[in-house]
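Engineer: Checked TrEMBL, it gives:
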type	residues	note
TRANSMEM	72-91	transmembrane segment
TRANSMEM	97-115	transmembrane segment
TRANSMEM	150-171	transmembrane segment
TRANSMEM	178-196	transmembrane segment
TRANSMEM	242-260	transmembrane segment
TRANSMEM	272-291	transmembrane segment
TRANSMEM	297-315	transmembrane segment
TRANSMEM	322-341	transmembrane segment
TRANSMEM	361-378	transmembrane segment
């Protein structure tokens with residue numbers, strides 16, 4: 001709880017759970033009949049509501065309770081979402097822990113709460129951990145008690161970014177999950193359209209098309225997406241847009257291909273380690289949702305929790321564990337902001353260049369994680385799965401194996 005308390009007590013009052021205030025203002029706009037996408041939070045933040053109308057409908061209950069109570073309830077829900085994320089991300093490790101699993105959950109939740117993206121979730125009151133929990137549960141549960149795809153569809157109705165999982169369902173042959181996700185998202189969206197026709201039209205045909213004009217400067221340090229990295233290197237113009245689109249297209253092509261490969265390897269072999277490959281595929285797609293987006297803020301990188309879990313597995317492989325710990329250590333500190341402090345006319349050219357590199361380190365680590373999961377982890381785990389899969393026929397003495 002220490003990182004949560006630290007962020008709560010050390011945060012400026014005007015920044016404390018400011019995104020929750022955005023959601024509450026959206027809910028209040030619905031109750032007042034005010035235009036949802038004209039709403040701004042109180043100075044000095046002046047933040048607009050940027051989510052689909054369905055999200056504002058879900059925020060209405062938080063408008064009828066006092067601000068302090070809303071903060072406490074929201075923070076408690078974020079904690080619960082973090083626990084769910086840890087349970088899915090570290091499932092193999094927790095199963096190996098046996099009767100010590102509750103203690104292991106506590107340790108892992110504390111370790112993940114110290115991550116810089118997770119601390120920002122508590123600081124601003126973001127929805128990232130809710131979306132992560134919904135996507136992990138929907139994609140990683142062996143036999144879900146709900147129609148698979150339902151939670152991804154709800155996440156898509158809340159925020160458009162989880163829509164990348166529609167591609168994941170499609171390329172991995174999960175057609176039923178794809179249909180469920182589409183039906184759920186459409187039902188929620190059409191329901192919001194029926195309830196808020198004017199606001200829905202404003203969003204889908206207006207606010208959505210404004211993109212970065214409503215979400216903030218794309219070249220800001222906190223934007224660790226490919227677009228942000230390119231924007232900090234090149235001046236605005238056609239060349240910058242072309243470079244961004246080309247790099248994003250290459251990353252998307254290979255990223256989805258690696259996710260499909262990991263998923264297929266897990267589907268072919270049912271044995272120890274197969275869950276790591278499923279989790280790796282889901283983590284790759286989650287990271288793609290961040291790096292391919294026009295804006296991928298640092299707090300969106302809570303997807304690294306899934307990366308750590310996929311790498312750690314059941315903690316029997318030392319190299320995998322060391323790599324997971326190394327990445328975890330990297331995301332403990334606000335490194336991009338350290339790089340930002342090195343940029344300025346008072347610094348030498350070498351220092352400024354170093355600052356530029358350091359400022360993009362989280363985004364670079366996310367891209368590297370996609371490669372590590374898609375190539376290194378699959379090649380490390382798949383041979384073991386082949387050896388341990390009981391469904392694979394063993395060669396007998398005096399015979400030729402196929």
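Each residue, glycine too, has its Cβ placed from N, Cα and C.
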Engineer: Under 8 angstroms for C-beta pairs, at least 3 of them, ignoring pairs fewer than 6 apart in sequence. Is the transmembrane segment (97-115) in contact with the transmembrane segment (361-378) by that rule?
Structural biologist: no
Engineer: Given pairs 6 or more apart, does the transmembrane segment (272-291) have at least three Cβ pairs under 8 Å with the transmembrane segment (150-171)?
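Structural biologist: Contact criterion met.
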Engineer: Counting only pairs 6 or more apart in sequence, are there at least 3 Cβ pairs under 8 Å between the transmembrane segment (242-260) and the transmembrane segment (322-341)?
Structural biologist: no
